[in-house]
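Engineer: Please see the structure below; I have some questions.
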């Protein structure tokens, strides 16, 4: 009986040391895959936009980082080529679904 308890204790200790490492590795892999997906989607959006609007080098970029012209830039060059994207000017218009 004591041997079984010792064995279970050792298994428990090994599990507590191993499981967090596995979860961390899994979470990193999920983050990497999501970033790859985002990069792929944005690369396609830019390609489609360049096809319609000319090369990116000739686009009119906003001068300031927090300017109204950023909205216009986004609406002209990116938004028409993004699936499932919508403009949001309030705090309650976030998607209910998780994008995977």
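Each residue, glycine too, has its Cβ placed from N, Cα and C.
When I checked TrEMBL for this same protein, it listed these features:
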DOMAIN    21-87  domain 'DUF6613'
TRANSMEM  6-24  transmembrane segment
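Would you situate these features in the structure and describe their surroundings?
Structural biologist: Confidence for the domain 'DUF6613' (21-87), expressed as mean pLDDT, is 86.
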Engineer: I'd like the per-state residue tally for the domain 'DUF6613' (21-87) from DSSP, helix first, then strand, then coil.
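Structural biologist: Result for the domain 'DUF6613' (21-87), in helix, strand, coil order: 49 helix, 0 strand, 18 coil.
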